[in-house]
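Below is one structure, written out as structure tokens; comments come after it.
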Amino acid sequence: MSKIFVFGHQNPDSDAIGSSYGYAYLKRQLGVEAEAVALGTPNEETAFVLDYFSVNAPRVVESARSEGVNQVILTDHNEFQQSISDIKDVEVIEVVDHHRVANFETANPLMMRLEPVGSASSIVYRMFKENNVEIPKDVAGLLLSGLISDTLLLKSPTTHASDPAVAEELARLAGVNLEEYGLAMLKAGTNLSSKSAEELIDIDAKTFELNGNQVRVAQVNTVDISDVLSRQAEIEEAINSSIKSNGYSDFVLMITDILNSNSEILALGSNTDKIEKAFNFVLENNHAFLKGAVSRKKQVVPQLTESFNV
């Protein structure tokens, strides 16, 4: 069998990198020639993780076919618009994910492992256990980091009942204190001062097709929402430019306070009435407070989907 690429979504976060790195390692232990690659450079949080566990960043690829690869495995995503550029020209043979299934179609049967847990890394951990393969320290560290990132250190409503035990076991294997390491890791991802507005709105962004509309939903983590809002003018300029150049109908930016577990929603586009309806708030100067919201997957995208489909 020829080489298989394993990768997470575009604009990869710690779970996209961690789950693909871990699953590629597992596949190699099972006799498959698999390489973890990335669809973008790691963000600052993930760079902290890679440095902490002395792991080289996976190489960034633009397409699979240009690398001579015809089969791919997706982790932490399934929607084609979030995947590799030539996704429709290669065979998807596996998916390991914890998101909704949408805009996904294959010509051949495949293995799909979908679970409503806190992270794709949680699923990969279970697959190691099921195959009786030992998890080395670096893999444990990256899987743990993916789980911490996606659940905000197990505080997000996306946290599954099984996730705390998974986190404790991975922390033990990685040789770290869960709380101390988790907080340091999350804080590493909140250093936004060096980012341009264009970079800021693209750190962790995904496009969703909602009733024929291409809606971009981005999220940045911070310890002070006001610091981000102080740059509102330049952020809005970057958002409007992104809308125009990419054909988005709307752009929603979640500015998430990781210490107090709240978000400010900044929204621009042609359907702001639907966005207001989704969250039962009124945008003032294009933004509004969303108490208790920290999860794009559970507290933003489902609400937008329902509102746009009415």
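First residue shown is number 1, and so on along the chain.
A Cβ is built for glycine as well, from the same backbone N, Cα and C atoms used for every other residue.
Non-local contacts of ASP13 (Mn(2+) 1 binding site) by the CB criterion (under 8 A, 6+ apart in sequence, same chain) comprise ASN43, GLU45, THR46, ASP76, GLY146, SER149, ASP150, ASP204. If you look up Swiss-Prot, you'll see HIS9, ASP13, ASP76 marked as Mn(2+) 1 binding site.
All chains included, 24 other C-beta atoms sit within 10 angstroms of the C-beta of HIS98 (Mn(2+) 2 binding site). Here Swiss-Prot flags ASP15, ASP76, HIS98, ASP150 as Mn(2+) 2 binding site.
Distance between Cα atoms for ASP15 (Mn(2+) 2 binding site) and HIS9 (Mn(2+) 1 binding site): 10 Å, as a whole number. If you draw a 10 Å sphere around the CB of ASP150 (Mn(2+) 2 binding site), it holds 29 other CB atoms from the protein chains shown.
Applying an 8 A CB threshold to same-chain residues 6+ apart, the list for HIS9 (Mn(2+) 1 binding site) reads ALA16, LEU39, ASP76, HIS77, GLN82, SER83, LYS206.
Within 8 A of the CB centroid of the Mn(2+) 1 site residues HIS9, ASP13, ASP76, the other residues of that chain are GLY8, ASN11, PRO12, ASP15, ALA16, ILE17, SER19, THR75, HIS77, GLN82, ALA120. The secondary structure of ASP150 (Mn(2+) 2 binding site), as reduced to three states from DSSP, is helical. Other Cβ atoms within 10 Å of the Cβ of ASP76 (Mn(2+) 1 binding site), summed over all protein chains shown, number 30.
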